[in-house]
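As given in TrEMBL:
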- 10-20: compositional bias 'Low complexity' (COMPBIAS)
- 1-20: region 'Disordered' (REGION)
- 47-69: transmembrane segment (TRANSMEM)
- 84-101: transmembrane segment (TRANSMEM)
- 113-130: transmembrane segment (TRANSMEM)
- 181-200: transmembrane segment (TRANSMEM)
- 230-247: transmembrane segment (TRANSMEM)
- 259-281: transmembrane segment (TRANSMEM)
Amino acid sequence: MQGTARRRPFPAVAPGAPQPAGTLYPGRHGAVKNEDTFKTSPFHLDLWFYFTLQNWVLDFGRPIAMIILPLEWFPLNKPSAGDYFHMAYNVITPFLLLKLIERSPKTLPRSMIYVSIIMFVMGASIHLVGDSVNHRLIFSGYQHHLSVRENPIIKNLKPETLIDSFELLYYYDEYLGHSMWYIPFFLILFIYFTGCFTPVEEESRMPVAALLLMGPSSLYYWYLVTEGQIFILYIFTFFAMMALVMHQKRKGLVLDSNGLFLFYSFIITLVLIALWVVWLWNDKILRKKYPGVIYIPEPWAFYTLHMSNLHAAKESL
């Protein structure tokens, strides 16, 4: 039709020829710059620091806060300080994960990221309820190194169907909640890891700040794997990382500073887990609770078995 402006076609480029700098390719989720394919991100000191800090305070610190703070402040029939820590963790961690994905130099699958974040929040929320009740039971004499039916305060309940209810609570806390919490968490970390490669050798170095954060970060992952009983998930994620590193190395790509930080943290975590297992290898009571080929005791089971008795003995002196 005359008088109608025609659309300018995309410039024809021969197959295999280099694309013009800044070329935009229309896609389903917006245009993607070709020049960003091997763009390298600087080390995310702020995000990794916030991750480490909130993991230690809001996750590892929540049961400690519940035990240390006076019981009069948080009655047993009300949420504890640890529960509020857990609520904050459920909000802050997904936000940090999304910010980490946003800084990836590679365009990552958004749908998978969003579904993983939704599952993460659901799993962490389920765990919040179950973990809250289980940790409050400590004040009534519940012992984490024993199974639900072997606990003295549980096995004498009447009617006996109440024991089934506590086992259901334990299932939601330790199995369903952990699975829906940790599987998306490690999946998001791995998806981010796939974008942490660069063809420039000089960019495959970690700053001093990354080296300082690696210790606390690795120690937290040790706690996460042992307390969450997710060694299989962790080791499969680690093997997938190693396979990806070897595959990308054949293409001439190496890990950038963020990828190295994550990869080395997982390596140190594996060493810490091995030392933990060797140390408690001959503990007969923990062996009874964690039978099977994979023997990795939970830190809080170790605490209720050994440390709580030690504290009680000191208080009686």
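Cβ atoms here come from the backbone N, Cα and C positions, even for glycine.
Annotations in TrEMBL come from automatic prediction, not curation.
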Given the transmembrane segment (113-130), its same-chain partners at Cβ distance under 8 Å and 6+ residues beyond its ends are 83, 86-87, 89-90, 93-94, 97-98, 101, 169-170, 172-174, 176-185, 187-188, 191
Sequence-remote partners of the transmembrane segment (84-101) [C-beta within less than 8 Å, at least six residues beyond its ends]: 44, 47, 50-51, 54, 57-59, 61-62, 65, 108, 113, 117, 120-121, 124-125, 127-128, 131-132, 185, 188, 191-192
Are there residues at least 6 beyond the ends of the transmembrane segment (259-281) whose Cβ is under 8 Å from a Cβ of it, and what are they? 43, 48, 189, 192-193, 196-197, 204-206, 210, 213-215, 217-219, 221-222, 225-226, 231, 234-235, 237-238, 241, 245, 295-297, 302
